Amino acid sequence: MITVNTLQKMKAAGEKIAMLTAYESSFAALMDDAGVEMLLVGDSLGMAVQGRKSTLPVSLRDMCYHTECVARGAKNAMIVSDLPFGAYQQSKEQAFAAAAELMAAGAHMVKLEGGVWMAETTEFLQMRGIPVCAHIGLTPQSVFAFGGYKVQGRGGKAQALLNDAKAHDDAGAAVVLMECVLAELAKKVTETVSCPTIGIGAGADCDGQVLVMHDMLGIFPGKTAKFVKNFMQGHDSVQAAVRAYVAEVKAKTFPAAEHIFAD
């Protein structure tokens, strides 16, 4: 079974980590069998599964239900579950109560969004036995504060993002996840922090990559984000597409230049 220690060893060895979102047992089992090391039960289910316009309405009850489903299908992969909006920002104690429910539902790690100001919560949780994935850069739960889905780290804000990563690393975060971050900045963060980094739209130099399952399978028609690749193209089954994703992450051929944000 994949553990925090496994991820640390992979970072040290330079072996890339493959992560995908999963929301139910059958896809979790398929991804697990295909060699995906980490399954993210993301609040992205609000849009991908529930048909909502953002992640904000997703409840802790929703997250626990889908975590239970994924846990029934996964045998080897590490399950990371999102703390949903409103379930952890009020206090460290509120965060622990919500995280404990997710862990009881089958999660092995919880993910929270936020920079330096959330590092205290990261420390509070990890000291009480709950591994934390700290999500920095573009944080979808704060999309209205950002004014939309924008690339992070431009306009003199690189140091602030680096400070966010350092704060969570110092607080004991098991993983730092960066979303929509300039590739060179993400590389610097990866070289600076001791914990593994996972990128989504954060270049090829992170310790691992993650995509939303529906995006990498080309389920949603129309325009997709720059960092998305449809792995169903050229493959005749979902399992073949997932295996291709894992292989490209491991070979460092995904993300390619066309998927990367640069100045």
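Yeah, the Cβs are placed from backbone N, Cα and C, and that goes for glycine too.
Cross-referencing Asp33, Asp43 against the Mg(2+) binding annotation in Swiss-Prot, which names Asp82, Glu113, picks out Asp43. Cβ crowding, taken as the number of other Cβ atoms within 10 Å, peaks at Asp82 among the recorded positions Asp43, Asp82, Glu113, Glu179.
Those same-chain residues not listed among Asp43, Asp82, Glu113 yet with C-beta within 8 angstroms of the centroid of the Mg(2+) site C-beta atoms are Gly42, Ser44, Thr55, Val58, Leu83, Pro84, Phe85, Lys111, Leu112, His135, Pro140, Gln141. It is Ser44, among the binding-site residues Ser44, Lys111, whose Cβ has the fewest other Cβ atoms within 10 Å in the structure shown.
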